[in-house]
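Worksheet: the structure to be examined is printed underneath.
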Amino acid sequence: MQSSASRCGRALVALLLACGLLGVWGEKRGFPPAQATPSLLGTKEVMTPPTKTSWTRGSNSSLMRSSAPAEVTKGGRVAGVPPRSFPPPCQRKIEINKTFKYINTIVSCLVFVLGIIGNSTLLRIIYKNKCMRNGPNILIASLALGDLLHIIIDIPINAYKLLAGDWPFGAEMCKLVPFIQKASVGITVLSLCALSIDRYRAVASWSRIKGIGVPKWTAVEIVLIWVVSVVLAVPEAIGFDVITSDYKGKPLRVCMLNPFQKTAFMQFYKTAKDWWLFSFYFCLPLAITAIFYTLMTCEMLRKKSGMQIALNDHLKQRREVAKTVFCLVLVFALCWLPLHLSRILKLTLYDQSNPQRCELLSFLLVLDYIGINMASLNSCINPIALYLVSKRFKNCFKSCLCCWCQTFEEKQSLEEKQSCLKFKANDHGYDNFRSSNKYSSS
């Protein structure tokens, strides 16, 4: 288990370094990260289309400006613009190279392929294998299904949007894409919270061994997770719209959060969106995991002396599941931290009227690019983390991916035998433990 955990840690460190190097390379080349890949959290800033142009990042209601150089009068002021309308523009021009677009498209294709293979295989393992249909695994399947919807619908559209520059899909798809993105993130967050609570309940009731099947409360949890996630994603569908502006004499359509919302609620949502995303979609799962894993550790230490030998194998399995859930939460935190950090730093440190803002803006662009790519990786990395950490999932992945040529009956029989073997052994040990207790009490 330690070797698997260390391999998982090394893989995550390598992923962080690779994304960091790619982001720094894009900054040196002058690529704009915020537009390179559409933000999964719905960034409010707007980039100019993928051509060589100057770029200025403004407030929440900033819109695109023409890339033509501003005419400066003898007094040093921009012609036709009041002195206090805009801050002095950044002197540095940001260029979008075709090489960058192709590299980002390749990364999106890799995420698309790995995400479909990994998440669909994970769903197949849990669906076909009766012994894998328990509470925690059903929650993991719900998480994988949400990631799969995001991968199938959003990633191809975002990659095409980068290559095309203009938004060609209409207002309906402009509302659907951020809606699915937000719903997918909500399903991930709430599923991780439910898994953390479930692990504490399992350890707190360590003497009760559950059989095969999905508890009714787990089914209710999954329904609530999907309903709440969909409801919380509705403001994205309401607020996003296709904004048409003039760019070099041609109309340019951009899918973005409309800076001019019609209702008071949507205006408040636009203003408080970044803080809401950071608190609910990032801090909440980390806080719940920290609280319930602390309680779980205290419970295990308190009952360690009273645990019976007959239950050791079953407790080891529960500890393995707890480590697996903790690894999923850790992967989520590492993948989403750079993007949330970029948003919070912009809200707290970035001042549009500061003449020295361009240096901070350059750093935020690099961090934003790293965060967007790592957030996309979170949709395909969960099956990989399960493969590295959990022995049961690792064996099931191997048998599922390496036995495609077998008949359906052979594959089903092999999966059931492999996964049910340990469960039957543990159940037999628990029966012996109960019979010994009855004998001693009589």
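We count from 1, first residue shown onward.
Cβ atoms are placed via backbone N, Cα and C, with glycine included.
In Swiss-Prot this protein carries:
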SIGNAL    1-26  signal peptide
TOPO_DOM  27-101  topological domain 'Extracellular'
CARBOHYD  Asn60  N-linked glycosylation site
CARBOHYD  Asn97  N-linked glycosylation site
TRANSMEM  102-126  transmembrane segment
TOPO_DOM  127-137  topological domain 'Cytoplasmic'
TRANSMEM  138-163  transmembrane segment
TOPO_DOM  164-175  topological domain 'Extracellular'
DISULFID  Cys174-Cys255  disulfide bond
TRANSMEM  176-197  transmembrane segment
TOPO_DOM  198-218  topological domain 'Cytoplasmic'
TRANSMEM  219-243  transmembrane segment
TOPO_DOM  244-271  topological domain 'Extracellular'
TRANSMEM  272-296  transmembrane segment
TOPO_DOM  297-324  topological domain 'Cytoplasmic'
MOD_RES   Ser305  phosphoserine
TRANSMEM  325-350  transmembrane segment
TOPO_DOM  351-362  topological domain 'Extracellular'
TRANSMEM  363-389  transmembrane segment
TOPO_DOM  390-442  topological domain 'Cytoplasmic'
LIPID     Cys402  S-palmitoyl cysteine
LIPID     Cys403  S-palmitoyl cysteine
LIPID     Cys405  S-palmitoyl cysteine
MOD_RES   Ser419  phosphoserine
MOD_RES   Tyr439  phosphotyrosine
MOD_RES   Ser440  phosphoserine
MOD_RES   Ser441  phosphoserine
MOD_RES   Ser442  phosphoserine
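Across the candidate stretches 176-197, 219-243, 272-296, the maximum count of CB pairs under 8 A to the transmembrane segment (138-163) is reached by 176-197. Within the topological domain 'Extracellular' (351-362), the DSSP-based counts of helix, strand and coil residues read 6 helix, 0 strand, 6 coil. In the three-state DSSP scheme, Cys402 (S-palmitoyl cysteine) falls into the coil class. It is 40 Å from the Cα atom of Cys174 (disulfide bond) to that of Cys402 (S-palmitoyl cysteine). As a summary of secondary structure, the topological domain 'Cytoplasmic' (127-137) carries 8 helix, 0 strand, 3 coil according to DSSP. Remark: of the recorded positions Cys174, Cys255, Cys402, the most isolated position is Cys402 (fewest other Cβ atoms within 10 Å of its Cβ). Across the residues of the topological domain 'Cytoplasmic' (297-324), the predicted structure has a mean pLDDT of 67. The two recorded residues Cys255 (disulfide bond) and Cys402 (S-palmitoyl cysteine) have their Cα atoms spaced 42 Å from each other. Counting residues 6+ beyond its ends, the transmembrane segment (272-296) has Cβ neighbours under 8 Å at 41-42, 44, 185-186, 189, 192-193, 196-197, 199-200, 203-204, 232, 257, 322, 325-326, 329, 332-333, 336-337, 340, 343-344, 346-347 in the same chain. Counting residues of the topological domain 'Extracellular' (244-271) by DSSP class, helix then strand then coil, yields 8 helix, 12 strand, 8 coil. Under DSSP, the residues of the topological domain 'Extracellular' (164-175) split into helix, strand and coil as follows: 7 helix, 0 strand, 5 coil.
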